[in-house]
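Participant: First the structure, which I've put down as structure tokens, then a few questions once you've had a look.
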Amino acid sequence: MGLGTFIKSLCALGFVLPLGQCIPATKLVDKRAALDTWITSENAIALSGVLANIGFTGAKSYGAASGIVLASPSKTNPDYFYTWTRDSALVFKALVDQFINTKDGNLQLQIDDYIAAQAKLQTVSNPSGSLSNGAGLAEPKFMPDGTAFTGDWGRPQRDGPALRATALIAYGRWLLANGYSSTATNFVWPLVNNDLQYVAQYWNQTGFDLWEEVNGSSFFTTAVQHRALVEGSAFAASVGKSCPNCDSQAPQTLCFLQRYWSGSYVISNINTNNGRSGKDANSLLGSIHTFDPNARCDDITFQPCSPRMLANHKVVTDSFRSIYGVNSGIAAGSAAAVGRYPEDVYYNGNPWYLCTLSAAEQLYSALYQFNKIGSIDITSTSLAFWKAIYPSAATGTYTSSSSTFTALTSALKSYADGYVAIIQKYTPSTGALAEQFDKSSGAPLSAVDLTWSYASFLTMNSARNNVVPTSWGAATANTVPGSCLASSATGSYSAAPAPSFPVFPCTTASTVSVTFNVLVNTSPGQNIFVVGSIPSMGTWDTSKAVPLSASMYTSNAPVWYGSVNLGAGTSFSYKFIRKNSDGSVVWESDPNRSWTVPNSCRTAARLVDTWR
Ligand SMILES: *[C@@H]1O[C@H](CO)[C@@H](O)[C@H](O)[C@H]1NC(C)=O
Ligand SMILES: *[C@@H]1O[C@H](CO)[C@@H](O)[C@H](O)[C@H]1NC(C)=O
Ligand SMILES: *[C@@H]1O[C@H](CO)[C@@H](O)[C@H](O)[C@H]1NC(C)=O
């Protein structure tokens, strides 16, 4: 073909800038390949970043009990060294979906630990209440050892039980499909049932939103509650039980969910008077966590590809364009950094990694839906969204055989990739993801290694690769009752038994990441190392010892930590040493310590010692 035709056909493929110019093909391909390469390496960092924050074996989880997810290893400015029900459930939903896709036996053991930890946490009485009437289930956060957090907090937070039910159901479905129905019935269902009873009883009461600031009704909370009740009822049936409270309340939660729609975007917080616009990444997160790969572009369930949610995507993301320095010079219709909500003042209000990634994920999920459905409907509601990324867009229905469909989906993919490219730009070379990045300089800010940031990278990447989660039944749960009623169904609650899991077949790890922890009081200028009998630990040569980090050291828990990859089954001797600022080396007292790396499916292990 001639050059003119070639360029025209690229335009037809949607490689166009907002003003309608075409991007040269080679440049575009290079850019996408470079992004692909970075995403692949960052995804591995994100997975290990998640696992590092989960007790008992995670490299940065000293102090966390087995199966407990720390929000971040950060103990000061800010102190996120707790476990949140919401964050943990979102993290484990991501890990369950990874496990279903990869069959990674190490992940499965972590999932089992999580379930065992939740069985205990559900019974812990706390300032929100106890299990007896369900109220304690909505306590937002607990101590890393699984005891109650008794300080002041924005409580209750009613999304936690719903999200935990969804994570557990995802694993429960896998158990059922793979011949472990008694495990699903005896150990997963009782936990899920408590959470479902909670949602059915309390969905119509105000509580704190996912950012823990607004006491009212939150779109994210209502959306995930509706999802949990719908899939909870189906899961109940699949284990030979029923959930009448799910069935009576789900339609009412869906009815209430419609109330958040303003006509042009989602008002994320209602039943409150907080003076905000309601434009909030709350709604982007609501959409991605209720995405159903079998649903159509349904406005009623706010699917990612629905006209409502595309319109909302534009309104929410546009609200950050003029208020962040990092967004200056970015044209309308190109991806920009996204924060929580424009009125945010926490750390002076900045973009968040997980919010920007959720903007990308919604678009990748929408793309999946358009391709699966085989057509795009541009309506008056979604027209402004489409025009921003494809200026000649017009209302109408475009089937997959049309060049307009090709152009629209291509523009959508490039636009979604743009959000990931922003994350790439503001991620340090280590790949570490904090909570926020500075709105002016782009430097990482607030909590380091935020578990949720890493999990949001994993789910974004799965959506980008069309690796979709299991359907939750949205396609048949989209009938809104004729009138919305204030309602509730009183539940009954009981402690779930401590689970006992069968030995699942898995591949024994050949290499284990062994984390060394030593509790030792040190003064500034002193550094702690571990040295041992094997080459990877320096063969007793103090100049080749493994350096440990004091980044989690506090006066109460003076912990130094560091990890070494060792072959499973390796036996070795070791000691901790202190290097003083003058270069002198102090050894621990005798005897030498010794250990054998376990041979199991776990890819991580932890040793906790006290300096001798
Ligand atoms: C309870 O439900 C009714 C009917 O949908 C609604 O008008 C009301 O705002 C809801 N209140 C809360 C706090 O959810
Ligand atoms: C939250 O708001 C409700 C009224 O909607 C009120 O009853 C409750 O006390 C409030 N909770 C807190 C912690 O302020
Ligand atoms: C510790 O190991 C080193 C190196 O093998 C050895 O020289 C030393 O005697 C050992 N110490 C004790 C107390 O066994």
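Placement of Cβ uses the backbone N, Cα and C atoms for every residue, glycine included.
What you are looking at is a predicted structure, and each value in this text was computed from that prediction instead of being measured.
According to TrEMBL, the record shows the following:
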- 1-22: signal peptide (SIGNAL)
- Trp153: substrate binding site (BINDING)
- Asp209: active site, proton acceptor (ACT_SITE)
- Glu212: active site, proton donor (ACT_SITE)
- 506-612: domain 'CBM20' (DOMAIN)
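Provide an account of the burial state, proximal residues and distances for the features listed.
Facilitator: Listed in sequence order, the residues of the same chain lying 6 or more apart from Trp153 (substrate binding site) and placing their CB within less than 8 Å of its CB are Pro127, Pro140, Lys141, Glu212. According to its DSSP assignment, Trp153 (substrate binding site) is coil.
When other Cβ atoms within 10 Å of the Cβ of Asp209 (active site, proton acceptor) are tallied across all protein chains shown, the result is 27. Reduced to three states, the DSSP call for Asp209 (active site, proton acceptor) is coil.
The local packing around Glu212 (active site, proton donor), expressed as other Cβ atoms within 10 Å of its Cβ over all shown chains, amounts to 16.
DSSP assignment over the domain 'CBM20' (506-612) gives 6 helix, 50 strand, 51 coil.
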Participant: Filter the candidate list Trp153, Asp209, Glu212 of recorded positions, keeping only entries whose CB is under 6 Å from an atom of ligand 1.
Facilitator: none
